[in-house]
């Protein structure tokens, strides 16, 4: 059985992680956060990629696509090997740019099906405020204003065109992410109840 994938996209602080956790609980998806996989890998002393990832993340740059895809693929393979029924995945924070998308199409073509793109649309100021709030407790080194403005810039330049591309294919489900967590999840449920 091939993995069924929903790409979850939106700017930093749009609430992707929070909503993914709820989708997992209610709909039995497995949540893979590209950023989290990279952060874990970077901390793993045995990783062949650790230092390289560290360098990219520190500079606010996007990690080379081969690394990200190999981590995503490894996780999907391991999850499905452990339980063949678990073939539905939410991939959060990927593809972030054209290069990511091409890499995915090249590597995963015929190996995984993308059902749709869940796009959390959120005003930049709201996103920044949420991240600064989160930074107080998350300990994430990139939750500071300077890093955030860079991340939002990168997102607008690189990720937004990907969303537009999927939009043309009729594959984007757009959600107003500036609402409260519960309201946003209400909108998410409408989509997943229909799409499964």
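Heads up, the Cβ atoms here are built off N, Cα and C, so glycines get one too.
Here is what Swiss-Prot says about this protein:
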- 13, 14, 15, 16, 17, 18, 134, 179: ATP binding site (BINDING)
- 39, 61, 62, 63, 93, 94, 95, 96, 140, 151: ribonucleoside 5'-phosphate binding site (BINDING)
- 100: CMP binding site (BINDING)
- 73: SUMO2 cross-link (CROSSLNK)
- 33: phosphoserine (MOD_RES)
- 43: N6-acetyllysine (MOD_RES)
- 55: N6-acetyllysine (MOD_RES)
- 106: N6-succinyllysine (MOD_RES)
- 180: phosphoserine (MOD_RES)
- 33-63: region 'NMP' (REGION)
- 133-143: region 'LID' (REGION)
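A map of Swiss-Prot features onto the structure.
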residue	record	Cβ contacts under 8 Å, 6 or more apart
13	ATP binding site	122, 126, 127, 128, 129, 130, 131, 134, 148
16	ATP binding site	8, 9, 10, 33, 92, 93, 120
18	ATP binding site	181
39	ribonucleoside 5'-phosphate binding site	57
73	SUMO2 cross-link	107, 108, 111
95	ribonucleoside 5'-phosphate binding site	7, 101, 103, 104, 159, 162
179	ATP binding site	187
180	phosphoserine	none
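Taking CA atoms as the reference points, residue 43 (N6-acetyllysine) and residue 17 (ATP binding site) are 20 Å apart. Taking every pair among 13, 14, 15, 16, 17, 18, 134, 179, the residues recorded as binding ATP, the greatest CA to CA distance is 17 Å. Spatially close to residue 62 (ribonucleoside 5'-phosphate binding site) yet at least six residues away along the chain are 56, 96, 97, 99, 100, 154, 158, judged by Cβ distances under 8 angstroms. In three-state terms derived from DSSP, residue 18 (ATP binding site) belongs to a helical segment. Across the region 'NMP' (33-63), the model assigns an average pLDDT of 89.
Within the same chain, residues at least six positions away from residue 17 (ATP binding site) with a Cβ under 8 Å of its Cβ are 33, 92.
There are 16 other CB atoms within 10 A of the CB of residue 134 (ATP binding site), with all protein chains counted.
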